[in-house]
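**Student:** Per Swiss-Prot, the feature domain 'ABC transporter 1' maps to 346-582. What Swiss-Prot records for 529, 594, 758, 1004, 1157 is N-linked glycosylation site, and it gives sequence analysis as the kind of evidence. Swiss-Prot lists 661-949 with the feature domain 'ABC transmembrane type-1 2', giving sequence analysis as the kind of evidence. For 1019, 1020, 1021, 1022, 1023, 1024, 1025, 1026, the entry in Swiss-Prot reads ATP 2 binding site.
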């Protein structure tokens, strides 16, 4: 029953139209299976006519013509039947796969957040299911299932024909089909288990690749390319070993078909007795024996599809498991109360909670919290104290273990989940945007909003001005995860998304943390206005942003230790809140004395105008909203003309496995030669049946029986050697290709990854899919090709030796058959790039959806994501209709032409016999030889579809491997620095991001950064601050001018060696899916780092204390992108990683923005010590963190407008830009 359920999972996505298509396809496949046994029946009659010498010439030709015409009728019937088979299965395969992708993604988006914490270790899992798994099932439905049905019906039809022709012989031969089934079933079970394990093994490797590509800036910055490739390579070893086991199992399964020869030997012997003692005719004996063996081998061919069925079953089970899973917190459940008039009073009553992924670490033990309706409440406290968990519980991302949460006195468990979330607007600490337009991103907050509402929301969040500067305005693409926007711009768009929702409850989790001072002031005012009349929960580390809230709750270790207004809490001089406030008061008393808030108004009336210009400068948006080129197209222009994808080059990559290639090819040649030898012996044996001497018949029968038994033994042994050898070649070639592709990808310039079509989901999907197709090409198709060439060569040689006249005619018509299947290849290869793009786009959507699942869940945006999926699949679905027609026509033509060629062979052979040019014995030998060879060619022709896919995959592989990298990290003649002093100089630099060459970031830009000194870069969002870091890391090259380090052009360095001397801590902490220890070790130059060094680095970053409180300590799993840790915890680990690197140049891009006050002070002290003696470039919006820097450089519109120390810049007074920035941030207590 379980097996039936598993197989059923493949078809559970069919609707009524698909059932009709599958019904018609079933009729076509069954009819296709009956055609060949019917041909055998007619062939038996023809052979009897030819072998019977009692016919006269006229009578003889009349009988031949009668049966030849019958074959033509069969050919006509096969034309219709095979068209129905080809069209219906191809069409329904695509329809069901498309529906499956939608259902799977819908089910994934339906799951609660806790499911992702426990079951989805990385986005790679979902990408694989959306792309690879659905493709496997589509392939089975479109090609492998109809082949299996045709083979099964051929088995049944063969025995029906056998019983009609000679029931006694058929009964004797009937039990032998079991000999073909038992080995196949045993090996099939092994193949299912191995296939399941291979999929699980590759998940780990796929996850590593996805991280390396999606976090490529971090990988480059820490020189971790080799580490990632080494981890990727090690993760692939398990799947390679399983692949070799799969090769042996397949060799046994296919080799077991050699029992056919032994069966043929026995049946030949028994048939001779039927001729001698029961008056049976030789043609009838041959037809019955070939029906019996064909029926058995048909099942054998069906079992050869077992690998694909096993993969499809595994994929179907995995997909249906997610589809059927009903989450504990079901956003699709319509049941639940909907409050008519919600006021927004929130109450936590004795809540106990711990994350299911870390049950040993309690977050709340007995939390009680009341938030009055219409009031604003701020939650403050140390990083990891449970502030963000309050918001997660309120939105029902999780449910408490004990206690309850009430809204307006009603438990949120009793409320309809979707309605509950629709009443809340969320702005998270790390802004999550989707790879679509700015307008679409804002509409995630309110799907039916008008464009005017979008604009109004953008104005309210101070986003409208910078959006309007883009050539495409609100249609500008933000890139994968918003990569084309600066941090402040992303945050403002996410705030607009929350504002447009007009929620009853507003949830702000560090909503202004990424904004510069001016933007923060304006956005804070907008947020203050938005909170009026709404219940608002604010989480903030910057206490100046929450001093006006109604109530402030101070958290510590999951408990509320203080509650009150700002003024009330400040009265307790020894209180926790007062201590936090003190940490944020600017230490430089000079700034307090000199700054006058009243002086800043005039300055910023002009400054605000400048922001409109500068805010657009750091954008790397798309040049077109409708970019549709695939990865291959994007790469094609960069491939050197002397390097073209070819099968020869692919085989050259298999050179290390040359011994196995030799063994595999020799065994394939031998295996291929077995079939024509068997066919020749069968033809000779038919002539033996027409001998008049029983003694001679017995003697020759004995010889041929021994020959057939010998062929059976050789078939079994050779098959195992052949399949293992080619599996060895395929597995190691696949491993090498994946390693080489990832290695090559990690040499590409960052701007390549900025392109919309080169998203991590799309690349990982191709990495998995293309490599698998290449493995099938080498491990299976090349093997079949070699043995087919061997079989054809031996057959032609034998045929020409027997009778060159008939052989030439029979050989001449073989290309017709081959041509039909070659056309199939061309048809498949002509599938439009829309179909390829559909897979890539689906993978990209899935990757984004999982990465931003909290945002999707919070805004109930599942339907919007599914609409995007439907849009990207519309084109390929239309294309599939045309392809289904072509598939049906080509299949029907090839089948019918094969039957027509048999009729031609009979007619021409009969003419030669009448003319005395050949004997009937020669005709039997040649006919069976070439008909058998024709079927070998036809079976091999079926692989042309796989060859077409393989050709595309090979092209895709070499498109990556041959691409010229604009910024080569391993420049052979590059200067390898032993030590870096850290003198950095920008000389007349012009720069624009490659994805938006028309927007100039820097024009004739120059700046000097002294060695061993600390330089702070400040200015409004989008003024080019982060671009300086990107150029120092050489993520990009300037269009004009030079960036120098230690007086040498940065382009002359060996890039990876140079980056070893540069440490980076980014604005958004980027962690890999691994343990805390592994993440810190990414800062080390080698894989062997002492535990003491790791601990010291963690202590320096104020991370050690919280790490040791975790049950697994440094072995705690961080989750995909550090999802298991709080923002502050992630940032401290990222800082520890930089500390361990001990760099000469330290780049800090908002390094402390995610930390609470106490942690920030301690980390700032650690960074202060780390910066001593090093060149440090610090980007900060919080000016209190940079006032001790040796130099402060103020940027505006890509220009340096001020430069000096904190004191000297303040001395300029109200006319100074820096003075005004400090004024905005001055904390007034």
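Glycine is treated like the rest: Cβ placed from N, Cα and C.
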**Student:** Hey, which of the recorded positions 1004, 1021, 1023 is the loneliest by Cβ count within 10 Å?
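**Tutor:** Fewest other Cβ atoms within 10 Å, among the recorded positions 1004, 1021, 1023, is found for 1004.
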**Student:** Calculate the distance in Å between the alpha carbons (Cα) of residue 1024 (ATP 2 binding site) and residue 1004 (N-linked glycosylation site), and round it to a whole number.
**Tutor:** 13
**Student:** Over all shown protein chains, what is the count of other CB atoms within 10 A of the CB belonging to residue 758 (N-linked glycosylation site)?
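**Tutor:** I get 22 for this one.
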**Student:** Would you pick out, from the recorded positions 529, 1026, the residue whose Cβ has the largest number of other Cβ atoms within 10 Å?
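**Tutor:** Of the recorded positions 529, 1026, the highest Cβ count within 10 Å belongs to 1026.
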**Student:** If you measure from the Cα of residue 1019 (ATP 2 binding site), which of the glycosylation sites 529, 758, 1004 is the nearest?
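**Tutor:** Spatially nearest to residue 1019 (ATP 2 binding site) by Cα position is 1004.
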**Student:** Go through 1019, 1020, 1024, the listed binding-site residues, and name the one with the sparsest Cβ surroundings, counting other Cβ atoms within 10 Å.
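**Tutor:** Relative to the other binding-site residues in 1019, 1020, 1024, 1024 has the fewest Cβ atoms within 10 Å.
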**Student:** Which of the three DSSP states, helix, strand or coil, fits residue 1022 (ATP 2 binding site)?
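**Tutor:** The residue in question, residue 1022 (ATP 2 binding site), is coil (DSSP, three-state).
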**Student:** Taking the Cα atoms as reference points, how far is residue 529 (N-linked glycosylation site) from residue 1021 (ATP 2 binding site) in Å?
**Tutor:** 23
**Student:** Near residue 1025 (ATP 2 binding site), which residues of its own chain have a C-beta under 8 A away, given they sit six or more steps off in sequence?
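**Tutor:** Residues satisfying the criterion: 1017, 1018, 1019, 1149, 1179, 1195.
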**Student:** Tally every other Cβ atom lying within 10 Å of the Cβ atom of residue 1022 (ATP 2 binding site).
**Tutor:** 30
